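Only one structure is covered here, and it is reproduced in the block below.
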Amino acid sequence: MNYEIVVVTGDVMYYFPCNRWLAVEEDDGQIARELVPVDEAFMRKDEDEDGTGGATLGLEQKSMSTTYTLKIKTGEKEYAGTDANVFAILFGENDDTGEKSPLFLSFITNKFEQGQINEFTVEAVDLGDLEKLRIGHDNSGGSPGWFLDWVEINAPSQGQKIRFPCGRWLDKGEDDGAIVRDLYPAELQTEVYTPFVPYEIKIFTSDVFAAGTDADVFIVLYGQNGLGTQQKHLCVNERERRLYFERGAEDMFIVELEDIGDVIEKIRIGHDNRGTNPGWHLDRSEDDGETVRELVPSDIITQKLLRDGTLKTTEVEVEDALETHTYKVSVRTGDMHGAGTDANVFLTIYGDLGDTGERKLAKSENSKNKFERGQVDRFTIEAVDLGQVSKIRIRHDNSMVAADWYLDQVEVQDVETEEVYMFLCERWLSKKKEDKQLDRTFFIKKYTKCSHPQVLGWIISSPMASADTPHFVRNVNLIPYHFTLSTGVDRDASTTARVYVIIMGPNEVETDRLWLDLPEGKKSLNAGGMEHFVCYGTDVGEIKRVEVIYSITVVTGDTQYAGTDTNIFLTVFGANGSTEEMLLPKRGDRSVQFERDQEDTFTLEIDDIAPLKKIRVRIDGSGCRPDWFLDRILLRNLTTEEEYLFTYENWLSKTKGPKRTKVCELPAVVDDEEMVEKTSYIVQVQTSDVGGAGTDANVFLILFGEYGDTGTLALKESTNRNKFERKMKDVFRFPDMLSLGELSKVRVWHDNKGPAPGWHLEYIDVKDEAMDQTFRFPCDRWLAKNEDDRQIIRELACANNDSIDLKYEIATTTANTDDASTSENTWIVLEGRKARSKEFVLENKKKKFLCGATDSFEFSSKHLGEIAGICLGHVTKDGKKVKKEVFWHVLEVVVTEMELGNKYFFFCDAQIPLSAKKDHFMTFECYKSVESFASKVRKLVPVKYEIIIITGDVKGAGTDANVFITIYGVNGDSGRRQLRQKFRNLFERGKTDRFVLEMLDLGELLRVKVEHDGSSSNCGWFLECVEVTNTANSVTTIFQCGKWLDAQKADGQILRVLYPRY
């Protein structure tokens, strides 16, 4: 029903137009509305236009009202949904939406069901910032009880998205019996953004046969410099889609979108091609099948409404309007099995002046059946000038049976400028292959400027033009790299030097030096700071790793028979990982290296794992002189000039010296300080109390921690004479070990020897005597060939539970400005992801909170989870009333979980007023956090990995040797695992063998090492491929090989390291 209310006060007449439904079954379902007055001249204008006297709701009213979008989440609990009629009242700082006429939210069928999120739109006038939400129901219906999770209110014109948490029942039979609740904003969950502004959009549908549409129409507005709004759908429901966009109709919409400035350079308008009659005639013909158009303005019309109701109109022609360009797109599908797709493909082209928006590649100009194997399909896209094209985004919807698609390359030709842009893709868009992505973004690989248009078609269809072709080619291999650089919090971590990065990819491709230049006015990279940089460099493909070059000097001791010709191996451990074991290279004349009192220097490239903590040196005892007296090893970083000294001064030998060992671990010494301290590990092994739990086999383990691993430890000398018996606890002591810091996992196994090798392990406890801390590793599994999953090796994660009470250190830094200090107390509340702490009073004793000072406090609390925010207050010591304004200027707060070592940084730089009560405070969000190693490793869980080995289909490809695999990931490695199955002939020509191994989650896989032991007469093996699937998340990583592992063929190697194929 149309409403127009006229109020006369004295000589002033107020008009309140409505033109909206007040009906539960129409519009937004509301039966109460707030109306705003409009000027009398506005009413006269409307009468002149259509003679009806009923004003339309335009920008005049919209600018005075606010649109609120309410999202209401019903909880996941059983019977959480409700059949009752739900209402809401919004309370702001200026007004509310009306307690006597609340907003009813019950006009959607099957609303407020369990786990459902319902969305509603309401309008209100001048509420100001929202302070409270009252929500409830009338207790009607068969099942009125309701568990409300939360309500989220989005007010675009205010630039706020506010979360009102609830998490309680509105049920007379549950909780406290209330069916109406007052909810308050969660300040830490409030999202603030740039406020939207209203736009009035008028759309004229052509007056030709079947011009109207039932499709869902959307629009995007673009201002200068490519600034655009989000894509906005003009109809909110199916009913509106049926009412609008009819033949010859003029439809007006008021929408709130981002402010793109005063100049609108273009608009993009389209629809989803759905509905009974989706075709739409909008001043264009429909012969090209496009459902998206880009339009540029021809005139700017300015209208000014005068007091007498006349409209003053000024019309100016747009100068330098953007041109519409035609882009010819050639899409080449790869020439491999299954490369073609039947799915719907969508493309977006990006340039420095904007983008095309997503366009469906619906109609190939040269093929009826598009995107087939080895085929090139051509399409035409019309769009406003994009400028220099830089990238494309391409995806498909995974529809139809054969959806997988291998995309080879895409070429885009700007017909007007005669420029061609090539994008090399060479990737699968598939839910089953590679990284299972359907959506990819590619940057430009080659830019071609043609001087002869007649040869342009040949250049597009060929991936490489000949040298005689008359055109100029400029390779554009630069892509953006985004860096986030975090400087450590240690002493002297800052630098004023100019920093650069070199990125390395496969096949020795690398960038030039990419200089990370600081923004203007910033002089240095400060300790604890985090900076963001964007640099353009050569596209190196997959970034394998960042490597550092070290000079290594090995000094052999000056004692009789100190020299050796044995093989020497080195493993380096750092705070950020470790290297694989490396064989120190030998020159052709073996006699001149590692001789008595001699220094041998090498250059090694290793991953950037600094700062270095320790090294492990091992000899294999081969050669005529297998014994070696090692004096020291010096490692020097050739980039930073940092030096690490490792001193041994002892024998590596099974027959000489006091230790009788072929392996040693040495701590790094920097400035006469050892980077790792020594400790003793007490290992307690508890065998389970089940039948046949004990074992006669030899048991081994490796401890893993913050600073690497211990290497293999044989569990030989127990406190019990007969080790590993049922229900027994065996204790082993390993003295003079280099501390690993916080322990993360244990790898334990046995050699399956003895009359009863099967073993049921309950748990392992490891005590670090230097730290005086015990780490527990539960197992409760068999290590047996005939039990459980038949594995005799297990990886056990550290299960040290978070303490009931954790200690938190709170460090506050007072600003170094006048009047920043305070002599009063302050208080803090920690907001965690799991819980909220109580109020901690930071007592001002012994002159704390002085200018520029950092003060520390310790408190105990239940585990709060990740700290997301803090509340800070400033309160008097005696609780007396504050007589004058007093402030505490706090610069920064750092919260540290002392047991776990996690740090949370809060940048405040705020003046907190003094108050007598704890009802005034300020909130701050965490801007940076540093997760400790201990926190990370305790999240590791056991995962089963499916390993598929494909043997090649060539003559003699199969092997009878024992095959082993080691899998490496970002969280560590699996250890060397034998691939075997009972009663099966494995690794035969052309066959596929499947194995399942359990280990702690390795994270993203980096590489695998596959080898065999050369046993049996037919040991040569042609390995085609290895596939490893994490069964927990179904991610498959493929490692191509296609090589022999045969001492008599090819390069004679029987070990291969394979990297993922992306």
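Cβ coordinates are placed from backbone N, Cα and C, and glycine is handled just like the others.
Going by TrEMBL, these are the annotated features:
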DOMAIN    1-36  domain 'PLAT'
DOMAIN    66-184  domain 'PLAT'
DOMAIN    197-319  domain 'PLAT'
DOMAIN    325-443  domain 'PLAT'
DOMAIN    548-666  domain 'PLAT'
DOMAIN    679-797  domain 'PLAT'
DOMAIN    806-926  domain 'PLAT'
DOMAIN    943-1059  domain 'PLAT'
Number of helical, extended and coil residues in the domain 'PLAT' (325-443), per DSSP: 0 helix, 63 strand, 56 coil
Among 548-666, 679-797, 806-926, stretch most in contact with the domain 'PLAT' (943-1059) (C-beta, under 8 angstroms): 679-797
Result, the domain 'PLAT' (66-184) in contact with the domain 'PLAT' (548-666) (3+ CB pairs under 8 Å): no
For the domain 'PLAT' (806-926), the number of residues DSSP places in helix, strand and coil: 0 helix, 67 strand, 54 coil
Within the predicted model, mean pLDDT of the domain 'PLAT' (943-1059): 90
